[in-house]
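J.: Before anything else, here's the structure in question.
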C-alpha cells in the first residue's frame, strides 16, 4: 500500500506531465465532476440570488470588521537616513495568489480571512479553488468572492487543485498558495513548496484554556467543546488551578491539567504552543507577558474562540501542531515581499568600506574587495 507522500507525488507528477487531461480524470474520480472548471458569470449571479438578504448583511458587516482590523497592518515602506545615506525596506504585493477553500463544510469565512488581507496588501490577481458539490460551488463562497472582486473561482478540490495552481493547469500559475485542507491537500502544498510559496500546513484545530476559580465553568466547557466540533483529530486542553473546574470539564477529548498556580499554567501553555489560547482568570492581562507560544491569545470570558473565528475582525488562520513556536497568525504582510532599499553617500561609503574590504579578505573574495577598493 502506498504511503501518503508517494500517493500525492504521483498525482502531482501526472497532472504536471499530462495537464488538463489528467486534471479532468482526477476531478471525475474524486469529485464526480466533469464540467467546466471555471465558475461562469451566470453562476455568480445565481449564487447571489440564493443567499438570503439577512445573510448578505451578516457577511458584509463581518467583512467590514475584518477590513478595519487588517488595514492597520499595512505598510509599504520603512526608511531611515544616516550621514546622507538612505536605508530601509520597501514592500511590494505578491502578484498572483491562489486560495484553497475546503469543501467538506463550506467555509466562506476562510475566503474572507485570506481574501481581505490579500486585497489590502494590493494583490492584483486571486484565483480560488474549491471542491464542487453536485457540480456547484457553495453560494456563500461565491458571494464572498464577488464582494472581494474575485472573478476566478474554479471547481477543483484536493491534490488536483494544488497542482493546477502550482503548475498552471487550466489557469495561470500562482505565486503563493493559501488556505487549509485535509492531509492530502497539506501534503500537496508541502511538495509544491519551492515551485510556489505556501502559507502554512494547517493541522487539526486546537484550543487551550487557562482558567482559575473565577471562571464560569459552563463558559469554559462550551469553549473547549466548540473546537472539538471541527473533527475527531481536534485537540482541547484545560490548564487550571481549580479542582472543581477540572472535574467539571473532564470529558472525552479534553485533556485536563491541574496546576499548582497560574505561572505553571502559562508554562504548560508554552509547551503546548496551541493554535488558540483563552485566558479566563480574574486578571488575564497579568499572564500575557508569560505567554511566548500561541497562535492567538484571547482574554476574558467574552472573547471565546468562535467570536474570533467569525466576528471580532481578527484573523483565524493560525499555526497548529506546535508551529506557534516558530510562526504566527496570517497578516497583511504575508501577502507582501520586503525588498531592501539603500542609497549610500560617498562620505559614508569611504568611512566604512574598510570593514567590507577586510571581510572580503577573510573570506578570500578578492573581486569583492576590488569592487570596494576601486571607488574614490
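In case you wondered, yes, glycine gets a Cβ from its N, Cα and C as well.
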J.: Besides 227, 230, 368, which of 134, 175, 289, 309 does Swiss-Prot list for that Zn(2+) site?
T.: 309
J.: Going by C-alpha distance, which of the binding-site residues 205, 227, 363 is nearest to residue 275 (active site, proton acceptor)?
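T.: Answer for the nearest of the binding-site residues: 205.
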J.: Output, ordered by sequence, the same-chain residues six or more apart from residue 182 (NAD(+) binding site) with a CB under 8 Å from its CB, or 'none'.
T.: 102, 104, 158
J.: Counting only other Cβ atoms and using a 10 Å cut-off, which of the recorded positions 230, 276 scores lowest?
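T.: Fewest other Cβ atoms within 10 Å, among the recorded positions 230, 276, is found for 230.
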J.: Sort residue 309 (substrate binding site) into helix, strand or coil using the DSSP assignment.
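T.: It is helical.
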J.: Between residue 363 (substrate binding site) and residue 276 (active site, proton acceptor), how far is it from one CA atom to the other, in Å?
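T.: Approximately 46 Å lies between the Cα of residue 363 (substrate binding site) and that of residue 276 (active site, proton acceptor).
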